[in-house]
Amino acid sequence: MPTPKDALQDRLGYRFRRPELLDEALTHRSVTGPDNERLEFLGDGILNFVIADELYHRRPDATEGVLSRLRATLVNGRTLAEIGKGLDVGTALRLGGGEMKSGGQRRKSILADAVEALFGAIYLDGGFDPSRETILRLYRDRLASLPTEAELKDPKTRLQEHLQAGRRPLPRYEVLEVSGQSHDQTFRVACRLQDAAVTAEGEAGSRRKAEQQAAEQMLKRLEDKHER
């Protein structure tokens, strides 16, 4: 039966010649000794370049702003965490006792950091070409289904444009509830339209994100109403 690290290399499609680099990439800072933060820094730079280069050639007519937003959707922590989960990186991570007990092997930020560290480790182990090939292989499906320019806009902007197109008043956002400790708060926000008895709510760890969720829900309601 393969070890977690062997299985991870199979899923990556890359076999390390220097196993110590793989070990370092999978070592969280909660473990005493060398950790993966420097490799994460390196991998972040490589990832951003590879994705920028690929987008530049895939979208020859896109403006700099569109390319930047496309790249942001691909290299953000959420996407990296999804990739890490798909690779089952958590089973191979080295975590301190406290981090392990608190479920660190499933924490999105830790998975995202480890994926970037793996990109950096592959670059040091095999050079730029293998790191580029690995990144593009892991991003193949996402690159094949890039969002349109309209889809790149955040929900609040899309809702505003939708209402302006119909010459309707802009929405109001109201904080309904703030719960949790000061370092871990949850915001519940309502999005209300002035000319209709329609309200949508969003809930997230920041007011801004909760407003975006509420705007997204409002857009869905307006679209559903339009289709009926």
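Every residue gets a Cβ built from N, Cα and C, even glycine.
Among the features that Swiss-Prot reports, active site is placed at D44, E116, with the record citing sequence analysis. What Swiss-Prot records for E40, D113, E116 is Mg(2+) binding site. According to Swiss-Prot, the feature compositional bias 'Basic and acidic residues' maps to 218-228. The domain 'RNase III' feature in Swiss-Prot is assigned to 5-127. Residues or ranges marked as domain 'DRBM' in Swiss-Prot: 154-224. What Swiss-Prot lists as region 'Disordered' is 200-228.
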Contacting positions for the region 'Disordered' (200-228) when only residues 6+ beyond its ends and CB under 8 Å are counted: 154-156, 158-159, 162, 171, 173, 175-176, 184-191, 193
D44 (active site) to D113 (Mg(2+) binding site) - Cα separation in whole Å: 9
Three-state composition of the domain 'DRBM' (154-224), taking helix and strand from DSSP: 29 helix, 21 strand, 21 coil
Integer Cα-Cα distance in angstrom, E116 (active site) to E40 (Mg(2+) binding site): 5
Cβ within 8 Å of the mean position of the Cβ atoms of E40, D113, E116: remaining residues of the chain near Mg(2+): N36, E37, L39, F41, G43, D44, L80, A112, A114, V115, A117, G120
Residue with minimal Cβ packing [other Cβ atoms within 10 Å] among the recorded positions D44, D113, E116: D44
Average model confidence [pLDDT] within the domain 'RNase III' (5-127): 96
E40 (Mg(2+) binding site): tally of other CB atoms within 10 A of its CB: 21
Per-state residue totals over the domain 'RNase III' (5-127) - DSSP helix, strand, coil: 91 helix, 2 strand, 30 coil
